[in-house]
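Colleague: Sharing a structure, written as structure tokens. Questions coming.
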Amino acid sequence: MPDLLVADLSRWQFALTAMYHFLFVPLTLGLSMILVVMEGAYVMTGKEVWRRTTKFWMNLFGINFVLGVATGITMEFQFGTNWSYYSHYVGDVFGAPLAIEGLMAFFLEATLVGLMFFGWDKLSRPAHWMVTFFVALGSNLSALWILIANGWMQNPVGSEFNPDTMRMEVTNFMEVLFNPVAQAKFVHTVSAGYVTAAVFVLGVSAWYVLKNRHLGLAKRSMAVAASFGLLSSLSVVVLGDESGYTLTDNQKMKLAALEAMWHTEEAPAPLTLIGIPDREARETHLEVQVPWVLGLIATRSLDGEVEGILPLVAIAEDRIENGVKAYDAVARLNADPDDAEARTIFEATKRDLGYGMLLLRYTDTPSTADEETIAKAAWDTVPHVAMSFYSFRLMAGLGFLFIGVFALAFYFISLRRNVPKLFLRLAVLIIPLPWIAAELGWILAETGRQPWIIDGVLPTFLGVSSLSASQVITTMVGFTLIYGTLAVVEVSLMIKAISAGPGARLFPAGGGGSDTDELSPAAAAAPSIKFDV
Amino acid sequence: MTEIPLDYATLKILWWGLVGALLIGFAVTDGYDLGAASLLPFVAKTDKERRLVINSVGPTWEGHQVWLITGGGALFAAWPFVYAVSFSGFYLAMFVVLAALILRPVGFKYRSKRQSAAWRSGWDWALFVGGFVPALIFGVALGNVLQGVPFNLDSTLRASYDGGLFGLLNPFALLCGLASVAMLVMHGAAYLVAKLERGPVLDRAAGFGTWAGIGVLIFYAAAGVWLMVSGMGYRIVSEIDPQAVANPLRKEVVVETGAWLANYGKYPWMILAPVLGFAGTVLAILGLRKKAGWTIVASGLAAAGIIASIGASMFPFILPSTVNPNASLTVWDSASSQTTLFIMLIVTVIFLPIILIYTSWVFKVLWGRLGTEEANSAGAY
């Protein structure tokens, strides 16, 4: 049995490195798209101010992008270093999207990103725009393949355990590709990235307006951010709802946990707005519920049932008992691959093999487990309810907040063309919020999947490498120091670049136009957005 | 999945070649970036000279690094066993490589964002570490792979490992580490000779590169002699079924003196790899002395030959085990399923040519020697 301390430390390390990596990814996803829009305006209109605007945001994109790349390398190698048994157990299925991500997306993005920065004077306008477009396409395709991999961990379709090789193997790759969980996660995550970038561009531009600097750049950027942000904040909520809907079929326990729904309610189930989940008492205190809504969201019907935590635990108990038979059959097949009786038992029970392995936390021989141990292992299938419950509510609340902000921004900038000072201040203040929402989303997605590293297939604690706790602690301290230092450096460079503004030093000499773009003829001809400052 | 038109054994061999091609792609492209970064503090003295070296690889190193990332992904997808056992086995060494590789992108991008001399010199050393340390550790790791590493597999195929960071630092592995550093420094120098305008940096690069090339000849030959006399090598003695499912515990392996050289008798064409390694290096030394632009081709061929010679010597072994030779990972029993290998082959056949096309296009756009002035313009790093 693997060391539980090493498993916990490895989980902390993965959470640390993944959440740090995801500080940079959403902005890369969204800002790359915004760059395409802005450079498109430059190519279409030929106005110098759009070129300067694009290059300004591109500089910020670059500062952010490198850390996304640098921390992404850690992610890819970490499966092998810290989750070695996991890598063996699922590499046949999980490795493929990762490798395809490299071939199809990351090569494109990384090969062209250099040219995007260095190629302004070496390429024609449309050719450079095409390069920017392919960088954005590459980033977004990267996200697609990574989320296909992650989606499979949430809903392991198209694959089967092979007792001869002791691992999961692909049976239907199309099912892995078109996994509904993966598709829902992809669109939700990518649009969350677009919201992040839109909030960032809106907030930084609002700050310039408040300081009365670089107005030509700021008002154009705000107009782009407002429309881009309105569309993406609407889709992030709509597609997030789709993501929730896929849980109904595929991750019932996660859905029950994020609703803190202990018992199966009569259809259509009510939605709990707020409450205090209590794992010990197995109930939620001080619930405020809205009737019918959960049933409608989760089943798209009035008569579909949403199962509660306790009935799901009872199902898990049965599956564990069945899984013990599968586990024993695998052991017999290991000793003798020609044992026909063991193969028959395995074929009948293989769906529950992972559940049998939950008992390995308590005993090396699952078949000797008593009722009480089985009940304990079944209760282990319940994730951290309060964490799921609160992180979901906070994330969803922020999602609705962004819709409100962008609806206002769109109204002020595009329709009324008069932006009140209070709104500008608000736009600056909310800059950090999309990052918080995105991290909460990952906390929900990943802790909501526990105790499984692959839902229903492999318990997390079994996935680890054979390492000592001191080895894991050493690297964790190392990563914390490096990442901590780089975070400080990155934020200071971002702030420096923003306060410097689109200054001449950032751009090659002779690019045309003056530094004070708000006074240039091009800027004067721009749509007249008024700022109430 | 219906009928797969290629049999399992053929797919296993194709993937042995493809993983090798990805490693060679990494060494030939990103290899010169690592070499140039290792040379940075020595060939470039002033801030302008350092920006010249940095910007000679500035627009392209990021794409090159993807060879490594895709290599890691391909290892995961095609040989999950090898990915799992080697990465966890070399745990702390992997951390050191990752830390160095993290410094590299940041060093490139952030170095010139502030004027301060201390800031810039700090990032210069970070770039040196980001080039030198991976070059050294990749060589040390290959040296250990050639000797075999102390891992075992239990009946559930869970790998355990008895060895730490310092077990990796044995004399043979260190020799391989030196060979690797010399090879990449030579390659980096060849790139600078091809890419930079004539001047002191190019002259210094040619000088260091020549010595590095001589180092390659000495270390590579010494490693070969060591292989011959030390008794390194493993051989499968049981019947092997190339079509069998991947389970490394179903074979018998012995340690055998000189087994790593036996392939050259069995498949004489494999001798091309070490010949290319030596001939490419000799040509590169000659080219570096003449400061000729074609040297980069010679040093690239040398790197390809040297890496291919390791794969050829060990075939069909990928990762031999010292504590339980039977558990050694080989081409025949460490691969993914037939379905996965086939799907990945299709994806590679489609996308590898596309990658080569747009990479060549980028090189075409950036064609020409780089001068100090352009390298120090505001658009550069």
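The backbone N, Cα and C atoms fix where each Cβ goes, glycine too.
Below are the features I grabbed from TrEMBL:
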TRANSMEM  A:20-44  transmembrane segment
TRANSMEM  A:56-74  transmembrane segment
TRANSMEM  A:94-118  transmembrane segment
TRANSMEM  A:130-153  transmembrane segment
TRANSMEM  A:186-210  transmembrane segment
TRANSMEM  A:222-240  transmembrane segment
TRANSMEM  A:394-415  transmembrane segment
TRANSMEM  A:422-445  transmembrane segment
TRANSMEM  A:465-489  transmembrane segment
Colleague: So, taking each listed stretch (A:20-44, A:56-74, A:394-415) in turn and counting its Cβ pairs to the transmembrane segment (A:186-210) that are under 8 angstroms, which one gives the highest count?
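Modeller: By the under-8 Å Cβ criterion, the transmembrane segment (A:186-210) pairs most with A:20-44.
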Colleague: Please give the sequence-distant neighbours of the transmembrane segment (A:20-44): residues at least 6 beyond its ends with Cβ less than 8 Å from one of its Cβ atoms.
Modeller: 50-51, 53-54, 57-58, 60-61, 64-65, 67-68, 71-72, 74-75, 125-126, 128-129, 132-133, 135-136, 139-140, 143, 190, 192-198, 200-201, 220-221, 224-225, 228, 232, 434-435, 438-439, 442, 483, 487
Colleague: Can you name the far-off residues of the same chain, 6+ from the ends of the transmembrane segment (A:422-445), with a Cβ under 8 Å from a Cβ of it?
Modeller: 18-19, 22-23, 26, 150, 154, 185, 188-189, 192-193, 195-196, 199-200, 202-207, 209-210, 258, 387-388, 391-392, 394-395, 398-399, 401-402, 405, 408-409, 412, 531, 533
Colleague: By a Cβ-Cβ criterion of under 8 Å, what residues six or more beyond either terminus of the transmembrane segment (A:222-240) are in contact with it?
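Modeller: Distal contacts: 30, 33-34, 37-38, 41, 184, 187-188, 191-192, 194-195, 197-199, 201-202, 205-206, 209, 396, 399-400, 402-403, 405-407, 409-410, 412-414, 419, 527, 529.
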